[in-house]
Amino acid sequence: MAHSGTSVGTVVRWDGSQGAGLIEAPDLPGDCWVEAAALDPSANGGLRAGQVVEVEWTETGAGSHPVRADRVTPRDDLQATPGA
């Protein structure tokens, strides 16, 4: 059975032309794959590297990114902590 949860993480990479990217969070077992379809409307269709987000995720256990984002919401009230 797949694990799921909600975490606060940081956008590592976002490719606007592909509409996809990666989020890292300390409590996830690897980078979390995110596609534009998972973005909250407040994201205005995209993310930026270094942006702090809240991510609802599901652990799929498959492929090079075993965690998939189900919903991503920008958290402009929080700042990333480098090296954390």
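Glycine residues also receive a Cβ, built from the backbone N, Cα and C atoms like all the rest.
Taken from TrEMBL, the feature region 'Disordered' covers 59-84.
Per TrEMBL, compositional bias 'Basic and acidic residues' is recorded for 67-78. Long-range Cβ contacts of the compositional bias 'Basic and acidic residues' (67-78) within its own chain (Cβ-Cβ under 8 Å, at least 6 residues beyond either end) map to 4, 8, 23, 28-35, 38-40, 42-43, 47, 51-60.
Residue counts for the compositional bias 'Basic and acidic residues' (67-78) under DSSP, split into helix (H, G, I), strand (E, B) and coil, are 0 helix, 8 strand, 4 coil.
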